[in-house]
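Here TrEMBL flags E79, H233 as active site, proton donor/acceptor. Summarising the annotation, TrEMBL assigns active site, acyl-thioester intermediate to C111. The annotation (3S)-3-hydroxy-3-methylglutaryl-CoA binding site is assigned in TrEMBL to D29, Y143, K242, N273. Summarising the annotation, TrEMBL assigns domain 'Hydroxymethylglutaryl-coenzyme A synthase N-terminal' to 2-164. The domain 'Hydroxymethylglutaryl-coenzyme A synthase C-terminal' annotation in TrEMBL covers 174-246, 266-367.
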Amino acid sequence: MSVGIEKIGFYTAPYYIDMVDLAEARNQDPNKFLIGIGQKQQSVIPPSQDVVSMAANAAETILTEEDKKTIDMIIFGTETGIDNSKAASMYLQSLLGISDYARAFEVKQACYGGTAGIQMGINYLALNPDRKVLVIGADIARYGLETPGEVTQGGGAVAMLLSSNPTVLALDGKSAFYSKNIMDFWRPNYTKEARVDGHYSNDVYVDFFNRTFNQYLDRYNKQVTDFDALVFHLPYPKMGVKALRTVVPQEEENNPLWVEFNHSKLYNSLVGNLYTGSLYLSLISLIANSKTIPAGANIGLFSYGSGAQGEFYSGVLGEFDRKLLKQSVDQQINRRKRLTITEYEQMYRSGLKETADLSINYSDDDSRFVLKGRAKDKLIYLDQVTGEDK
Ligand code: COA
């Protein structure tokens, strides 16, 4: 029996900034951002969106009423938690109308949370093949205005429905992992902005990729050439370039792994970092944009969560409507309004506000689900289609 991803959906907020505008405002050479980092645009997340509303917007693009009845688990991977106790999945369950007879919880290990959810989900499905599992990777990447990390911000959500009908990606259960207590990137409880030792985090990421990839090759007696594509967790596209170079030199630009990698980074270069969702946006980018990768292709996935956990695992590309996926993601990206750097700075600052009672202006946000505000420390979400508050 095979299990894996049956459906995959993506959401990002309706605003972006252009990296040339950001470079000019920060007195940097635009080529540093465009070539050195590999980033062209970056989504800007308004106060009317948080991980719950973004996850609901992503999941709504893929779930049918029948799916909602068959989901036994909602696993919410995030490192942008909305409460230290209550899981984001509880709000998501009610916004989407998923059966109350489900397990719903949140998983945290930096950008690795979505992968932990997938591994847990496929184990459950192996024993319960007639059920389904919803896995979310949703985050807002914030490093601070005028910091070196600013060019690697972004945000959004990826929703994945796992089942024993894995038309997107069948997971073969082969996996290798490595973890170590290190300080390359972290997010202290008292602030919404990440702390990062950026150059060190690059080195650790490449090291963890090499360790897990080689462990995988040894364990399953495989070689690099057994893969048709390698997709990476991409905080920014250059990080994946650095990792891929260690197994296929960049001089071999016509090598299929480089050709497919270039497809897999396209959407990430327009959206920016979405932490737990970044690897899965790369997967979407590959399968939506590559015309050379066929159904049946062997895909290797490198997941990395600072702090740090690495995992390399694999799957086989299924047969499904890739054009429809591309249309839906292109629509998300192309609908965004370009902000000036001053408008972005104002939006960024207002997103940092935290008060027990808060009314958020969502009049410009056309997303189905929005965060309306807070009343006595209770979050209030709005479904703009039904007009219901949750
Ligand atoms: N044209 C082309 N490339 C240029 C350039 C120019 N004019 N100017 C600089 N570059 C290149 C540099 O050579 C460098 O490339 P390299 O990494 O291949 O050597 C790249 O642009 C970045 O320049 P650098 O000076 O290293 O940038 P920085 O010190 O400002 O910081 C990061 C870059 C990525 C370290 C920083 O943005 C960061 O910390 N981001 C967060 C990373 C993160 O999230 N890590 C944790 C998740 S795993």
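A Cβ is built for glycine as well, from the same backbone N, Cα and C atoms used for every other residue.
Bear in mind that TrEMBL entries carry predicted annotations, made automatically and left uncurated.
Look at the recorded positions D29, C111, Y143, H233, N273 and count other Cβ atoms within 10 Å of each Cβ; D29 has the fewest. Proximity of the recorded positions (D29, E79, H233, K242) to ligand 1: a Cβ under 6 Å from the molecule is found for D29. Considering only the recorded positions D29, E79, Y143, H233, K242, the residues lying within 10 A of C111 (active site, acyl-thioester intermediate) on a C-alpha to C-alpha basis are E79, H233. Local packing around the Cβ, expressed as the count of other Cβ atoms within 10 angstroms, is greatest for E79 among the recorded positions E79, K242. For the (3S)-3-hydroxy-3-methylglutaryl-CoA site, whose annotated binding residues are D29, Y143, K242, N273, the maximal Cα to Cα separation is 22 Å. Confidence for the domain 'Hydroxymethylglutaryl-coenzyme A synthase C-terminal' (174-246), expressed as mean pLDDT, is 97.
Counting only the Cα atoms, the space from Y143 ((3S)-3-hydroxy-3-methylglutaryl-CoA binding site) to H233 (active site, proton donor/acceptor) is about 18 angstrom. With DSSP states grouped into helix (H, G, I), strand (E, B) and coil, the domain 'Hydroxymethylglutaryl-coenzyme A synthase C-terminal' (174-246) comes out at 35 helix, 14 strand, 24 coil. Taking the Cα atom of each, K242 ((3S)-3-hydroxy-3-methylglutaryl-CoA binding site) and H233 (active site, proton donor/acceptor) are about 12 angstrom apart. Distance between Cα atoms for E79 (active site, proton donor/acceptor) and N273 ((3S)-3-hydroxy-3-methylglutaryl-CoA binding site): 12 Å, as a whole number. Secondary structure at D29 ((3S)-3-hydroxy-3-methylglutaryl-CoA binding site), as computed by DSSP, is coil. Separation of the C-alpha atoms of D29 ((3S)-3-hydroxy-3-methylglutaryl-CoA binding site) and H233 (active site, proton donor/acceptor): 26 Å, rounded to the nearest whole number. In the three-state DSSP scheme, E79 (active site, proton donor/acceptor) falls into the coil class.
Rounded to a whole value, the Cα-Cα separation of N273 ((3S)-3-hydroxy-3-methylglutaryl-CoA binding site) and H233 (active site, proton donor/acceptor) is 9 Å.
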